[in-house]
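**Student:** Following this message is one structure expressed as structure tokens.
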Ligand SMILES: [Zn+2]
Ligand SMILES: [Zn+2]
């Protein structure tokens, strides 16, 4: 076989392998990488474990001894990269405790299954502290607030779509607006808030709703069609960001996210609510594609009314 022929065979093989790899990646579930780590436990070294460390750090499961810092510092978390160390085991235990998964400290099936569900990008840190502090002794509240309990000092909030808003292909602004309007209505029904839409991308408004891809100027870049589906900021930032790399719909197929369900959840953040440990609550951080969850539950209603002093 001549060198040239050999080169062609090698190139063709490489292309074939690349295509297979690209294809399987394209059809993998969001966060499917976690599945490959199932069975991991302390003492092992597994390629890809750093992704789980980053996941647990991002969502607030690495705590310092005094619980004060939101995240352990980067160097501590990523020490040893793919080694299943003591710190990772502790973070997994907190994750299991918070999500009512039997506490094994290992990446067992129940844990990896939970981690693969699409979720909100806002950290669970407040919940983790609440859960860890209460331990098994007492049930934590079904609602939580941001540190310092930030809230709005007026009842009428104006909202508009963001300047750099780029809805995914096939999604029209009226569809988004209708879904978002219904989500605002849900919160209006249980509070003293009123929400008014203002047209024009430069109009002053309290709440700004945008679609973004990847890095978009805040400290929480989206990671394509995996990781967080959306995130929002506490009062009085008023920013609500959808991840444009997910598929969105007002009538979701099994691979699409529901616009209104996510809007109700994220508006909860813009009004001052953090996540809930109650799976039924709108403020629970996980929601699968194809699922509709639009109705505020008693945990959400109690939380928001408590924050604004409504009896
Ligand atoms: Zn959230
Ligand atoms: Zn953002």
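The backbone N, Cα and C atoms fix where each Cβ goes, and this holds for glycine too.
Look at TrEMBL and you will find 266 tagged as active site. What TrEMBL records for 120, 265, 269, 275, 283 is Zn(2+) 2 binding site. Taken from TrEMBL, the feature Ca(2+) 2 binding site applies to 206. The annotation Zn(2+) 1 binding site is assigned in TrEMBL to 216, 218, 231, 241. For 224, the entry in TrEMBL reads Ca(2+) 3 binding site. The annotation domain 'Peptidase metallopeptidase' is assigned in TrEMBL to 148-310.
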**Student:** Based on Cα distances to residue 216 (Zn(2+) 1 binding site), point out the closest of the recorded positions 265, 266, 275, 283.
**Tutor:** 266
**Student:** Tell me the Cβ neighbour count for residue 120 (Zn(2+) 2 binding site), meaning other Cβ atoms within 10 Å of its Cβ, over all protein chains shown.
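**Tutor:** Counting Cβ neighbours of residue 120 (Zn(2+) 2 binding site) within 10 Å gives 23.
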**Student:** If one measures from the C-alpha of residue 218 (Zn(2+) 1 binding site) to the C-alpha of residue 120 (Zn(2+) 2 binding site), what distance in angstrom results, rounded to a whole number?
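**Tutor:** For residue 218 (Zn(2+) 1 binding site) versus residue 120 (Zn(2+) 2 binding site), the Cα atoms are 15 Å apart.
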**Student:** Going by C-alpha positions, which of the binding-site residues (206, 224, 231) is nearest residue 265 (Zn(2+) 2 binding site)?
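**Tutor:** The answer is 231.
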**Student:** To test your reading of the Zn(2+) 1 site: which residues beyond 216, 218, 231, 241, same chain only, put their Cβ within 8 Å of the Cβ centroid of those residues?
**Tutor:** 121, 210, 212, 217, 220, 221, 222, 239
**Student:** Check the Cα distances from residue 120 (Zn(2+) 2 binding site) to each of the recorded positions 224, 231, 266 and keep only the ones within 10 Å.
**Tutor:** 231, 266
**Student:** Out of 206, 224, 266, give those recorded positions positioned within 10 angstroms of residue 231 (Zn(2+) 1 binding site), comparing C-alpha atoms, in sequence order.
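**Tutor:** Those near residue 231 (Zn(2+) 1 binding site) - Cα within 10 Å - are 266, in sequence order.
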**Student:** As a check: which entries in 206, 216, 218, 224, 231, 241, the binding-site residues, place their Cβ less than 6 Å from an atom of ligand 1?
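**Tutor:** By the Cβ criterion, which requires under 6 Å to ligand 1, there are no hits.
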**Student:** Tell me which of the binding-site residues 206, 224, 269, 275, 283 ends up closest to residue 241 (Zn(2+) 1 binding site) in space, Cα to Cα.
**Tutor:** 269
**Student:** Just to be sure I understand the contacts, which recorded positions have a Cβ under 6 angstroms from any atom of ligand 2? Candidates are 120, 265, 266, 269.
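**Tutor:** Listed by sequence, the hits amount to none.
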**Student:** Would you mind checking how many other C-beta atoms are within 10 angstroms of the C-beta on residue 275 (Zn(2+) 2 binding site)?
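**Tutor:** The Cβ of residue 275 (Zn(2+) 2 binding site) has 28 Cβ neighbours within 10 Å.
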**Student:** Need this for a regression test: recorded positions 206, 224, 266, filtered to those with Cα within 10 Å of residue 283 (Zn(2+) 2 binding site). What's left?
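**Tutor:** Among 206, 224, 266, the ones whose Cα sits within 10 Å of that of residue 283 (Zn(2+) 2 binding site) are 266.
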**Student:** Please list residues from the chain of residue 224 (Ca(2+) 3 binding site) whose Cβ is under 8 angstroms from its Cβ, counting only those at least six apart in sequence.
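**Tutor:** Expected: 213, 214, 245.
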